[in-house]
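Q: To start, I am sharing the structure in question, which I have written as structure tokens.
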Amino acid sequence: MLVNLEKILLGLGALAVIALGVLITSNVIARALFASQVPDSVTMVRELMVAAILLPLAAATAARAHVSVAFVTDRFPERARSVLIVAGSAIGMLALAPLIYSGGREFLSVVEKGSFFYGDLNLPKWPGRLLFLIGMIATFLRLAELTWRDGRTVLAGGVVSDEQHHAADLMVEEDLR
Amino acid sequence: MDASTIGMIAFAAVLIMLALRVPIAFTLASVATVATFFIFAFRTGTFMPERAIKATTSMVFSNSFDLIHSYDLSMIPLFVALGHIAYRADITTKIYHAAKVWLTKLPGGVAMASVMGCGGFSAITGSSIACASTMGKICTPEMLRMGYDPRLATASVAAGGTLGSLIPPSVLFIIYGIFTETSISSLFLAGVLPGLLTLMGFVLVIAVWVWRDPSVAPSTDQRYSAGERWTAALESWPALLLFVLIIGGIYGGIFTATEAAAVCVVSATLIGFAQKKLDWAGLWAAVKETCVQTSAIFLIAASAKIFVAFVALTGVAGTIVGFVSDAQMSLVVLMLCIALIYLLLGMFLDPIGIMVLTLPLMIPLVESYDLNLIWFGVVVIKLLEIGLITPPVGLNVFVIANVVGREAPIDKIFAGITRFLSVDVIVLILIMSFPMISLLIPMAAR
């Protein structure tokens, strides 16, 4: 289920990147040819950025794409390295928990107040906050799954590796598991 | 417990956690959040956790959300996408092919073409590692097949790959721009001359190396007619167009850097489709790769932003600036110390990690000396570029080693790298001694 959720979120993130390119280019063309611009394009780009960056974060986490320093621990025994990888995922959950809590509070606050961006379209503020929350929760769930799965492997005497999967592997469902 | 004590403990915790392989983003965010909580909780002298929770979570959310919710920073996913799309549309490989066809007659010509190909690739993508990994797959096996010495075949691409950081667009310049609040367009323009200088230096290294020891690059019988050479040159027009759009657009004030990124993504996609080199599946795969790469970069940047806000609360930066002022350090000594710190860190950490860890402390220091932040940015990126090829953790070297496997062990690649490092050091000294090398184009563009 988590894999399917990540695939959907990654797809939505990819659509957001395409939309970013099209929207900004349209604005440049509109400015050059018609001396006008797409209304509230800056606000729309900012909201799309949240989708483009945070929705694929769970998939990036599943692909173990987060950068870490391996120079010191490469000299450790494999089992010690495995324990540290599990600890890294658990610390990731600790790092994201306050962001989810504060993101949730912020989302509820803008919904209750009906906050919107000043502009031609008076776009509401809640979609960006909701996307932030969804991206963070999905990443937290993936980290919890990694901690649980890798932790069990280590306890069973096995070893785990955080070798990065190539991003293209994300196209293959098996690699997300 | 006072804020500066908490700050010192937090810095120590960051270093320990990084050494223990905790991902950079998680280290910075977790330490900054916990330490900020303690600063707010102890603010009145007694421990009051209730009031600290709200203040901490608000600080954490606003810093991370505001960074991501940014119009200007949309250039990062767009430039990363441009690199992936240009590669899949065969635009980047055409640059190398054209250089190879023109230079193949020269001794060491394919190695020179590899460096130039890296320069051309860098002018479209913003990542050194992507440059080394892509060009490494194309150029290094070809040079090895032609009988080139493995040291030359690997080191030329590992060193050439570092051009991705200096020649615009560069993800490192964008991240530097975020944290120093300097113009990213000016940073891009400032990187052009030092990047070209480095590229020419690398070509010169190959020429001298092959001149002194012709056996490292056997000459090839393959000859191209004038027609073939011009065809290869003309086929590389999309790469030239994209570079002109980026630099010409920014220099001419036609676009901002963000707009240049978007226009180039759309142009590269249209060219790819028109030339039938790109299809929908390729485009979709390229954009998905972009998403995974950029979300990991942004998580580091957002965590670093939280860390920077925490550092501001501690006053540690002010303490360091005060310490350096009291020591009455001359500018030359200061710059030498900074260079030494970056070179040492570059041996162990990745470039983005180094930047987000050091800039919160370095920038107040540099500002207290009234130095130009654009020039300082070029110096920092050059130092980080050197770190990509210095042992023991030269990321580009590992990327190339991964590509070639047993044909060239790491120590052999590092042995070849030393010649290119000498050029890097000379260019670094020139950039530090003559700031105009960096500032000429940004000043002319104003």
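Note that the numbers count up from 1, one per residue, in the order the chain is shown.
Backbone N, Cα and C define each Cβ position, glycine as well.
Remember, TrEMBL labels are computer predictions, not curated facts.
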Q: Quick test of your reading of TrEMBL: among B:7-27, B:280-300, where does it put transmembrane segment?
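A: That would be B:280-300, per the transmembrane segment entry in TrEMBL.
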Q: The transmembrane segment (B:68-87): which same-chain residues, six or more beyond its ends, come within Cβ distance under 8 Å?
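A: Sequence-remote neighbours of the transmembrane segment (B:68-87) are 93, 121, 124-127, 130, 134, 169, 171, 174, 178, 184, 238-239, 242, 256-258, 260-262, 264-265, 268-269, 272, 278, 283, 286-287, 289-291, 293-294, 297-298, 302.
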Q: Considering only Cβ pairs within less than 8 angstroms, which of the stretches B:108-135, B:240-273, B:306-324, B:374-404 has the most against the transmembrane segment (B:31-48)?
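A: Ranked by Cβ pairs under 8 Å, first place goes to B:306-324.
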Q: Give me the stretch from B:155-179, B:186-211, B:240-273, B:374-404, B:425-445 with the greatest number of Cβ pairs under 8 Å to the transmembrane segment (B:331-354).
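A: So the stretch in question is B:374-404.
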Q: Please work out which recorded stretch in B:108-135, B:240-273, B:306-324, B:374-404, B:425-445 has the most C-beta pairs separated by under 8 angstroms from the transmembrane segment (B:280-300)?
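A: When the Cβ pairs under 8 Å are tallied, B:240-273 comes out ahead.
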Q: Do we see three or more Cβ pairs under 8 Å linking the transmembrane segment (B:155-179) and the transmembrane segment (B:240-273), pairs being at least 6 apart in sequence?
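A: As far as Cβ distances go (cut-off 8 Å, pairs 6 or more apart), the transmembrane segment (B:155-179) and the transmembrane segment (B:240-273) touch.
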